[in-house]
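Student: Below: one structure in structure tokens.
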Amino acid sequence: MAFSTNGSEESELYHAQIHLYKHVYNFVSSMALKSAMELGIADAIHNHGKPMTLSELASSLKLHPSKVNILHRFLRLLTHNGFFAKTIVKGKEGDEEEEIAYSLTPPSKLLISGKPTCLSSIVKGALHPSSLDMWSSSKKWFNEDKEQTLFECATGESFWDFLNKDSESSTLSMFQDAMASDSRMFKLVLQENKRVFEGLESLVDVGGGTGGVTKLIHEIFPHLKCTVFDQPQVVGNLTGNENLNFVGGDMFKSIPSADAVLLKWVLHDWNDEQSLKILKNSKEAISHKGKDGKVIIIDISIDETSDDRGLTELQLDYDLVMLTMFLGKERTKQEWEKLIYDAGFSSYKITPISGFKSLIEVYP
Ligand SMILES: C[S@@+](CC[C@H](N)C(=O)[O-])C[C@H]1O[C@@H](n2cnc3c(N)ncnc32)[C@H](O)[C@@H]1O
């Protein structure tokens with residue numbers, strides 16, 4: 001919201017109040033979206049095959065009859081926020097009254113379960129009580145002389161320890177699902193940016209998790225020799241095939257040699273000093289290729305000058321998520337440039353992808 005400098009004092013005050021309230025109550029929109037995801041509204045409309053009236057939706061979701069009106073009010077907010085669209089349909093036979101029916105929009109189609117583009121686990125993970133509760137400790141965190149995340153300050157353990165303490169835990173699989181669902185969206189990015197991988201004979205996906213992204217690359221480039229490199233406890237039990245292999249190790253020590261190193265959603269977990277180390281090890285890993293090797297980074301490049309304020313807000317939100325959960329950071333173009341040149345690379349090229357992230361090709 002832009003504040004006018006020539007308006008009356010009262011109108012400026014009202015605008016300020018609206019601005020503040022809007023930011024205070026932003027969480028209600030987030031939580032209404034989470035409720036819609038938990039109720040399975042998108043699945044119900046998708047399975048119905050055509051727009052659904054309120055009563056059809058309530059009955060399909062098996063809601064208590066007393067909650068039909070409540071559902072209407074949730075849908076009103078979610079429709080206003082772009083998650084559903086309203087159409088007018090004729091009432092049942094003999095009933096002259098027209099009714100409102102709800103259909104899916106592109107954002108709510110991302111909540112249809114079982115689809116490769118389903119992002120429900122991102123909603124679940126980002127709005128999990130453990131991700132929200134820590135914010136109550138932010139004042140304590142600011143006043144402590146300890147290098148720890150807000151998550152650790154609030155819970156007494158790092159997010160990684162929290163996830164790993166019970167390998168069977170639903171929280172761990174929720175996090176892995178969230179990572180995997182984000183990676184599945186990567187297929188579109190790959191198809192649009194095939195040229196980035198053309199001509200390469202080998203690639204190592206550093207911090208590649210259980211190989212979701214590498215498998216997508218392998219599908220499109222079956223002759224490319226791909227290595228998923230991650231911590232031994234992540235890749236230890238995984239088996240690949242002739243051109244897809246899993247290697248356990250520590251990227252801070254050394255990275256297996258390849259024509260290209262992929263770092264997707266990795267450097268934003270780490271501070272500049274740690275990221276510099278990873279980039280230097282990546283440079284070493286591609287050194288046999290001379291000037292033809294490359295490092296491919298996929299991360300956010302914050303653009304505070306963008307006309308799209310919503311997009312910049314999302315990038316800045318992500319920065320605070322990385323800070324509070326991992327002491328990591330999202331970087332501006334200038335910060336990427338400094339990091340890349342400090343690591344000894346000679347040039348780079350940034351291409352915006354999938355709306356809010358960037359693909360950064362880095363050359364020795
Ligand atoms: C945010 S996840 C990104 C996963 C994957 N690149 C993606 O886009 O879905 C970061 C990954 O880095 C891995 N990782 C953390 N420390 C590592 C280390 N020292 N060496 C290798 N991998 C590491 C984690 O296990 C995790 O799989």
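Glycine residues also receive a Cβ, built from the backbone N, Cα and C atoms like all the rest.
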Student: Do you know which of K194, K264 Swiss-Prot groups with V206, G207, G208, G209, D230, Q231, D250, M251 in the S-adenosyl-L-methionine site?
Tutor: K264
Student: On a simple 10 Å Cβ count over all chains shown, which one of the binding-site residues D230, D250 is most densely packed?
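Tutor: The most densely surrounded of these binding-site residues is D230.
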Student: How big is the gap, in Å, between the Cα of D230 (S-adenosyl-L-methionine binding site) and that of H268 (active site, proton acceptor), rounded to a whole number?
Tutor: 16
Student: Can you count the other CB atoms that lie within 10 A of the CB of G208 (S-adenosyl-L-methionine binding site)?
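Tutor: Cβ-Cβ neighbours of G208 (S-adenosyl-L-methionine binding site) within 10 Å number 28.
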Student: Filter the candidate list D230, D250, K264, H268 of recorded positions, keeping only entries whose CB is under 6 Å from an atom of ligand 1.
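Tutor: Those recorded positions that pass the cut-off, since their Cβ is under 6 Å from ligand 1, are D230, D250, K264.
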Student: Which residues, sitting 6 or more apart from H268 (active site, proton acceptor) on the same chain, put a CB under 8 Å from its CB?
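Tutor: Correct list: D299, I300, Y318, M322, G328, K329, E330, R331.
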